[in-house]
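> Provided herewith is a single structure, encoded as C-alpha cells, for subsequent inquiry.
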Amino acid sequence: MANNASLEQDPNHCSAINNSIPLIQGKLPTLTVSGKIRVTVTFFLFLLSTAFNASFLLKLQKWTQKRKKGKKLSRMKVLLKHLTLANLLETLIVMPLDGMWNITVQWYAGEFLCKVLSYLKLFSMYAPAFMMVVISLDRSLAITQPLAVQSNSKLEQSMISLAWILSIVFAGPQLYIFRMIYLADGSGPTVFSQCVTHCSFPQWWHQAFYNFFTFGCLFIIPLLIMLICNAKIIFALTRVLHQDPRKLQLNQSKNNIPRARLRTLKMTVAFATSFVVCWTPYYVLGIWYWFDPEMLNRVSEPVNHFFFLFAFLNPCFDPLIYGYFSL
C-alpha cells in the first residue's frame, strides 16, 4: 500500500476531516525509484501467482474429469482446491490494488471503492490463512483419528464453510473504519486525497486492539494451530514407527499407508515453513510501525518495500508445494 501522509490524531484534525476541510501539510508522498521497483516486482509476482494457481486448478479439473462418474474428489484435493481459490482471490485483489496504489500514490477512486476494496483486501487475506488452518486440522485428524474422520463426512465441508464465513465476517469492520481524507500540500490549491483509517477509532487503544486482533487472526493463531497440528502428526508417526519398525521401509508398495502419512507430514511442514518465511517480515514491519510510527523515517524506503513484498511470495509458493506433493 502506498505510504500515506502522516497525520496526528487530534480533535481538530478529525473535525476537519469529518467536515471535508483540507489540511495543510508538508511534503506529500511521491512515487520514488524504489517504489517503481516495488510496483514492477508486484506485477511480476501477480502474473506468476495467477499462472501457478490457475494451472493447478486446471490440472485438478482435468484430473477430476478422468475419474469415474460419481466418484468424488479426495478430501485433500477438495481442501487444496479451496486453498487455491483463496490464493487466487488474494492474488487478483491484493497485488493489483497494491501495485496501482503505489503508482498513483494517492487515492482517486472515491470513498465507496475505498471501503469496498479495503474490505475485499482483508477478506482475501483472511481466506488463505484460515484455509491453511483447515488443512492442518484435517491432516492432523486424518492421521491421529482416522476412523472419526471417515465416519463424519460433513466435518471437512463444515470447516471449509466456516473458514469462508469467518473471512467474510472478520473483514467487515473495514467497511466502517476506512474513509477518505483530503490534504492541501501547503503550496497552493492542490489537494491530496487518501484512503485511510485516520480518526475512525474514538480512542488510540481501540485501533491498537483492532490491529492486534487482525494480526492474531491472520498470523499468530494460524501459525500456532499449524505448529500444534504438525507436532501431533510427528508424534503419531513416531509412535507408529516405534511400534512396528518394519514400516520404516517406506519405499515398498506394501507400506503405502505410512508412506502417504509421511508425504502428508512433509506437505504440512512445507506449508507452515512457507507461511512463516513469507509473512514474518511483513508483520514484523507492521508491528514495529504500530508501536513506533516514526520508524518509517529511520528505515530506508527500499528495505520497507522489500519486507512488504515478502507477503506476495506466499500465494506463489503454495501451488508449487501442493502441486509437488499431491499430483
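Backbone N, Cα and C define each Cβ position, glycine as well.
Reproduced below are the annotations present in Swiss-Prot:
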| type | residues | note |
| --- | --- | --- |
| DISULFID | Cys114-Cys195 | disulfide bond |
| CARBOHYD | Asn4 | N-linked glycosylation site |
| CARBOHYD | Asn18 | N-linked glycosylation site |
| CARBOHYD | Asn102 | N-linked glycosylation site |
| TOPO_DOM | 1-38 | topological domain 'Extracellular' |
| TOPO_DOM | 59-77 | topological domain 'Cytoplasmic' |
| TOPO_DOM | 98-115 | topological domain 'Extracellular' |
| TOPO_DOM | 138-164 | topological domain 'Cytoplasmic' |
| TOPO_DOM | 185-211 | topological domain 'Extracellular' |
| TOPO_DOM | 232-280 | topological domain 'Cytoplasmic' |
| TOPO_DOM | 300-305 | topological domain 'Extracellular' |
| TRANSMEM | 39-58 | transmembrane segment |
| TRANSMEM | 78-97 | transmembrane segment |
| TRANSMEM | 116-137 | transmembrane segment |
| TRANSMEM | 165-184 | transmembrane segment |
| TRANSMEM | 212-231 | transmembrane segment |
| TRANSMEM | 281-299 | transmembrane segment |
| TRANSMEM | 306-325 | transmembrane segment |
> What are the helix, strand and coil residue counts for the topological domain 'Extracellular' (98-115) according to DSSP?
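In the topological domain 'Extracellular' (98-115), the DSSP-based counts are 13 helix, 0 strand, 5 coil.
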> Cβ distance under 8 Å to Cys195 (disulfide bond), same chain, sequence separation 6 or more: which residues?
Trp107, Ala109, Glu111, Cys114, Ser118, Phe178, Arg179, Met180
> So, three-state DSSP: helix, strand or coil for Cys195 (disulfide bond)?
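It is in a strand.
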> Check the topological domain 'Extracellular' (98-115) for me and report the mean pLDDT.
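95, rounded to a whole number.
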> Applying the under-8 angstroms CB criterion, which one of 39-58, 78-97, 165-184, 281-299, 306-325 scores highest with the transmembrane segment (212-231)?
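Stretch with the highest Cβ contact count: 281-299.
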> Measure from the Cβ of Cys114 (disulfide bond) and count the other Cβ atoms within 10 Å, all protein chains considered.
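Other Cβ atoms found within 10 Å: 21.
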> Could you tell me whether the transmembrane segment (39-58) and the transmembrane segment (306-325) are in contact, taking contact to mean 3+ Cβ pairs under 8 Å with a sequence separation of 6 or more?
yes
> With every protein chain in view, what's the tally of Cβ atoms within 10 Å of the Cβ of Asn102 (N-linked glycosylation site), excluding that atom itself?
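Here the count is 21.
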> According to DSSP, how is the topological domain 'Extracellular' (300-305) divided among helix, strand and coil residues?
5 helix, 0 strand, 1 coil
